[in-house]
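Summarising the annotation, TrEMBL assigns ATP binding site to B:159, B:161, B:162, B:163. Taken from TrEMBL, the feature domain 'AAA+ ATPase' covers B:148-280. As annotated by TrEMBL, domain 'Chromosomal replication initiator DnaA C-terminal' applies to B:358-427. Taken from TrEMBL, the feature region 'Domain I, interacts with DnaA modulators' covers B:1-80. Residues annotated as region 'Domain III, AAA+ region' in TrEMBL: B:115-331.
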């Protein structure tokens, strides 16, 4: 292998590929990155057997070939090089990286130990814009469960049926987030592991292009211009969630997002050990209150007028949940729908039907 | 040699042929899925392993297997869902753990096929005299589907365990055999299902669907009152299932004949099997329920507290649980066992707000109930038929009007406050053992709640 390429582009791909390596593998090749040339492109490949990453950049290639380089070392070395223009070639079992001012000799591993990344037959596939996908993932991933006892809840559910919008849903059983994208697909029902979602967000965040999604029973492939990301899917069935989303509300509140966001954030300072804050809606006086008290640190209370219809209600919430839900709202005005102190509150942007968030209250006393 | 033994022996051989790291990475979590006509199908944990075994180790594997069993011609690999992927270690960056007291979406526990919540079982159901009959009938039905009582009709007030019993039957059946098709639904969902199917012109599919169940459970059937089309469909489905010996169970808040706007032919069918009611739990049952619910979380509880809750929260089981939970949460927060006055405060906040009554009103109602002259209550007589109403009136003034003891004493002909205390204690104790008195108390309270609301 002998080639010349842009270091910054290579560094970017290697840093993404490094995230998909295994951190303490039984098989040493799983913490390595495969560099392979093909025509005039250099491929950067890694896997931890859960996911597989493959990115490519253009390079002027003098001699085709491949090397398997330890991921951490390669990443650090590339970071340390200042020049953009680098030459690389392999000599014996080693990789030489030469820039104007530096020369590096990196010990590599035998290439034939590196696993092949499985291929998926292109039977089920659709296109979605990276913006839409990332936005949807970001807004739902926060509601996924953080433990793995129920893998289907530690995943984002991607669902589409006929002409209905492709929808992403996640819930940890205490809150639920639902985002409707502008894509659609005849019939789709897959569970993306939370970790996979995080990686997709990282990889395609500023991608600004369409992404092709190919899937089968066990795996899914996200394929962009020069990057492919393959992941296993979570086995199992996502619970029937539609019944959870309330259709009507006893109390409806329209208010300014930043106002309630700031109030909740401030109330968080004085929340109890249980992270509890109180939302009180006074339907008669049209006053929305956010309160908290902590025996050790003090009390907080904020009252301000809001557009309220329906009955008065007072419910307790974990303020982390409220905060995350409110932060995810992109509109200036938010809607809150209550059905008494024991039922979930629905939070969404006023006149926004794309995104909604449900938060279950805490048991009051 | 069984398939397992065959593969295990082959693995031992392969272990020697490849490096340890390779062996652990690729061969761990594999098993034999099938062995037919000389083709062995291996379960592998993921697509990477499938690819790698096929590409790299296929010859080794085939050779190892052939040495042991010469008839093996080929090996195939499938990705199996039964082998769980190795658990990943999670970064602790986003770890808002659910807190105590955080409520969950109950709907998520529900089985998608049957709508049953696995939490509801007979084991977790507490039997007392108030629900004995309903429980016995449900158990009988679950043991003898379609034969014992068909249909079974359970009725009773809110929060008394109807849904629990209905679902317990379903779960029991599901447990006994996966073959049975079970559906738990509410009459509202039944109606909206019908509407959906009718809108898409698939009424026949609707019929087909509901006729396929071995056990159909419809909760809160009283809500089909006035819905003519739903009643008609239900009538036909009922007949079909009944005639094919399939079990049907209904629940309602009132007995069939008391449901208004329900077709006569349905009423008579509902009554055709077994109608069982669930009443209000008496003190002993309430205490038993509290004891069972507090198991495992009774750090801050003692018998006195449970007795207090049991004697003060009387209406239904759900409220009872709510009160218990509130007490537990509060105790944990304050890190100590609560005193009775503190518990009273919590219960007052949690239970439904009492109607505001006046002292005069209470006294009047007591007098009216026991049919004594109001004025005689204030006299200094010790006649038994006067003493009891007087003490009850004192108790109620204390409990529902929150009068002070001196005030209560004063009120009843200038008696000492210790008299009031004595009356209160006496009635409190009596309430725990005398169910007759509890019933009387309930009816007196009904009297003034009723009167004050009109």
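Using the three backbone atoms N, Cα and C, a Cβ is placed for every residue, glycine included.
Across the residues of the domain 'AAA+ ATPase' (B:148-280), the predicted structure has a mean pLDDT of 89.
Sequence-distant contacts (6 or more apart, same chain, Cβ under 8 Å) of residue B:163 (ATP binding site) comprise B:120, B:219, B:251. Fewest Cβ neighbours within 10 Å among the binding-site residues B:159, B:161, B:162: that distinction goes to B:159. Excluding B:159, B:161, B:162, B:163, which define the ATP site, the same chain contributes B:156, B:158, B:160, B:164, B:165, B:251, B:278, B:317, B:318 within 8 Å (Cβ to the Cβ centroid), listed in sequence order.
Per DSSP, the domain 'Chromosomal replication initiator DnaA C-terminal' (B:358-427) is made up of 52 helix, 0 strand, 18 coil. According to DSSP, the secondary structure content of the domain 'AAA+ ATPase' (B:148-280) in residues is 67 helix, 26 strand, 40 coil.
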